[in-house]
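Report on one structure; see the data block that follows.
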Amino acid sequence: MKWVTFVSLLFLFSSAYFRGVLRRDTHKSEIAHRFNDLGEKHFKGLVLVAFSQYLQQCPFEDHVKLVNEVTEFAKKCAADESAENCDKSLHTLFGDKLCTVATLRATYGELADCCEKQEPERNECFLTHKDDHPNLPKLKPEPDAQCAAFQEDPDKFLGKYLYEVARRHPYFYGPELLFHAEEYKADFTECCPADDKAGCLIPKLDALKERILLSSAKERLKCSSFQKFGERAFKAWSVARLSQKFPKADFAEVSKIVTDLTKVHKECCHGDLLECADDRADLTKYICEHQDSISGKLKACCDKPLLQKSHCIAEVKEDDLPSDLPALAADFAEDKEICKHYKDAKDVFLGTFLYEYSRRHPDYSVSLLLRIAKTYEATLEKCCAEADPPACYATVFDQFTPLVEEPKSLVKKNCDLFEEVGEYDFQNALIVRYTKKAPQVSTPTLVEIGRTLGKVGSRCCKLPESERLPCSENHLALALNRLCVLHEKTPVSEKITKCCTDSLAERRPCFSALELDEGYIPKEFKAETFTFHADICTLPEDEKQIKKQSALAELVKHKPKATKEQLKTVLGNFSAFVAKCCGAEDKEACFAEEGPKLVASSQLALA
């Protein structure tokens with residue numbers, strides 16, 4: 001890369017940065033501005049989501065009352081921006097409203113102390129009390145009752161959906177949840193007139209639930225990235241991913257989008273859902289206006305209404321690679337001026353490297369690309385301090401080979417196992433693996449993570465070879481972030497804390513490198529942990545699996561050094577026991593009689 005070109009890139013990058021950072025014209029009333037930009041429907045939906053994410057235990061009706069009060073106030077300010085209190089910040093207005101809840105102290109305890117603080121400390125305090133694992137009942141489809149409620153009052157029905165999802169997922173991407181609510185509405189509009197409401201609705205709602213869980217996990221990873229590793233880490237992640245998606249866009253264009261996208265997600269992660277949704281709409285507009293220079297895959301997205309358009313752009317497939325991309329070595333391993341470029345503008349030079357490398361490798365995961373960039377940076381730090389830097393960094397690309405081979409080998413090994421045993425037994429293998437790595441972690445968390453990791457096999461192992469690695473490692477990043485978030489709430493393992501906090505890019509290799517925790521004192525064998533009753537027979541299949549997998553994790557905690565064959569024997573005996581007693585005429589009597597025998601045989605098998 002010639003130096004004049006690099007200077008131009010630096011100038012463009014800086015311009016793009018400042019275009020993204022400078023806010024639009026200031027308004028007398030922020031709340032009036034957002035109300036006018038978003039419209040009443042989306043404004044109310046986003047305020048409901050924001051309040052539900054902060055106060056996760058409050059009844060729906062209480063939130064509706066707060067939302068209506070805020071909306072009426074916004075209308076007043078939209079009519080007259082100079083009216084009383086209309087010049088207050090959104091944090092001040094929303095925080096004041098949350099602090100009027102009469103049951104705040106009784107329901108939330110320490111969260112009520114936040115109300116004694118001033119902004120911005122008050123909002124930061126509210127954020128720290130968001131609960132990623134709230135104690136809320138499972139939501140089960142009830143097609144007849146739900147259709148009756150939908151037909152009676154569609155707006156209330158959809159509001160209840162926003163509320164229920166938001167309070168279970170306190171970092172859900174606000175504007176994206178509005179999109180999913182539209183999907184939810186479409187499912188009920190289609191299925192409620194059907195003769196077989198359940199047959200029509202349940203598969204659709206199950207599929208929507210999977211999309212919701214995936215969307216929630218993606219945004220939680222973004223928010224964790226900000227919280228634990230800062231804005232620079234999020235920008236690096238975004239440069240890598242967007243360069244893969246938009247390989248025809250130049251670096252300045254990718255940089256501008258990354259800067260704006262960073263602002264959008266920072267706002268949503270910070271609870272600023274109105275600003276986030278408004279800025280996302282602006283970014284969507286910009287991308288569609290400049291689609292010719294960004295990606296040939298955007299046209300179908302840009303013809304859609306706003307919520308669908310933004311969702312479509314976020315999920316758009318990678319564009320075709322330009323056919324004339326030169327080899328990277330000339331600019332990043334052979335150029336004698338590399339150290340000068342690097343020292344003059346480190347972040348821009350490294351960003352350019354990450355962009356160029358990522359756009360050529362849609363077959364790599366984002367975290368692998370970040371590990372490569374990190375290795376490149378470390379090499380330049382070392383070589384640029386030596387007597388002959390060009391000779392030192394000339395072979396830097398050779399250092400990337402083991403970084404690439406390690407995850408490729410891991411994906412092949414795991415996909416081979418998945419194809420051999422199927423999803424359920426693959427989950428079991430992962431539950432055993434992770435229980436041995438971190439036996440101190442709670443059994444429900446280990447089972448949840450093992451099941452999620454196991455589903456990655458179903459999602460990724462059937463894909464073409466070129467897509468397996470990015471699919472697997474990108475989804476593993478989501479599952480491991482969930483483990484880190486839950487572990488942070490109740491930390492029990494220094495090894496897990498280290499993997500979670502050292503480096504976002506190195507998380508997966510760190511977890512893969514964990515072995516049997518030799519310092520762990522095995523859990524005492526308790527018969528009641530392995531005692532079951534007839535109610536297991538009527539459970540849905542997934543809940544039945546969770547019961548069995550919980551027993552498996554407990555067995556490993558009791559006997560961490562149990563062999564694969566020992567565990568297979570015990571699990572096989574357990575499955576046979578459940579099948580036998582669920583088929584018996586007197587199920588409870590069978591469980592009472594056969595259960596102690598199972599416990600005894602399990603202890604013997606593990607001895």
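Backbone N, Cα and C define each Cβ position, glycine as well.
Record features (Swiss-Prot):
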SIGNAL    1-18  signal peptide
DOMAIN    19-209  domain 'Albumin 1'
BINDING   H27  Cu cation binding site
MOD_RES   S29  phosphoserine
BINDING   E30, E267, D272, E275  Ca(2+) 1 binding site
BINDING   D37, D278, D282  Ca(2+) 2 binding site
DISULFID  C77-C86  disulfide bond
MOD_RES   S82  phosphoserine
MOD_RES   S89  phosphoserine
BINDING   H91, H270, D272  Zn(2+) binding site
DISULFID  C99-C115  disulfide bond
MOD_RES   T107  phosphothreonine
DISULFID  C114-C125  disulfide bond
DISULFID  C191-C200  disulfide bond
DISULFID  C223-C269  disulfide bond
MOD_RES   K228  N6-succinyllysine
DISULFID  C268-C276  disulfide bond
DISULFID  C288-C302  disulfide bond
DISULFID  C339-C384  disulfide bond
DISULFID  C383-C392  disulfide bond
DOMAIN    403-600  domain 'Albumin 3'
DISULFID  C415-C461  disulfide bond
MOD_RES   S442  phosphoserine
MOD_RES   T443  phosphothreonine
MOD_RES   T445  phosphothreonine
DISULFID  C484-C500  disulfide bond
DISULFID  C499-C510  disulfide bond
MOD_RES   S512  phosphoserine
MOD_RES   K557  N6-methyllysine
MOD_RES   T569  phosphothreonine
MOD_RES   K587  N6-succinyllysine
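Everything Swiss-Prot records as a feature, shown here on the structure.
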| residue | record | Cβ contacts under 8 Å, 6 or more apart |
| --- | --- | --- |
| T107 | phosphothreonine | L55, Q57, C58, V101 |
| C191 | disulfide bond | P143, C147, K197, C200, L201, K204 |
| C268 | disulfide bond | Y171, Y173, G174, P175, E219, C223, C276 |
| H270 | Zn(2+) binding site | N123, L127 |
| E275 | Ca(2+) 1 binding site | R34, L90, E267 |
| C392 | disulfide bond | T379, K382, C383, E386 |
| S442 | phosphoserine | T490, V492 |
| C484 | disulfide bond | S224, I496, C499, C500, T501, R507 |
| S512 | phosphoserine | L410 |
| T569 | phosphothreonine | A605 |
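Comparing CA positions across the recorded positions C77, C302, T443, the one lying closest to S89 (phosphoserine) turns out to be C77.
For the domain 'Albumin 1' (19-209), the model's pLDDT averages out at 93. Excluding E30, E267, D272, E275 themselves, the residues of that chain whose CB lies within 8 A of the CB mean position for the Ca(2+) 1 site are, in sequence, R34, L90, H270, L273, L274, C276, D278, D279. In this structure, of the binding-site residues D37, D272, D278, the smallest number of CB atoms within 10 A of the CB marks D37. Look at C461 (disulfide bond): DSSP puts it in coil. Taking a C-beta cut-off of under 8 angstroms and a sequence separation of 6 or more, T445 (phosphothreonine) has the following same-chain neighbours: L483, L486, H487. Distance from the CA of S82 (phosphoserine) to the CA of E30 (Ca(2+) 1 binding site) is 11 Å. The Cβ of K587 (N6-succinyllysine) has A534, C537, C581 as same-chain neighbours under 8 Å, each 6 or more residues away in sequence. For the recorded site, H91 (Zn(2+) binding site), the DSSP three-state label reads helix.
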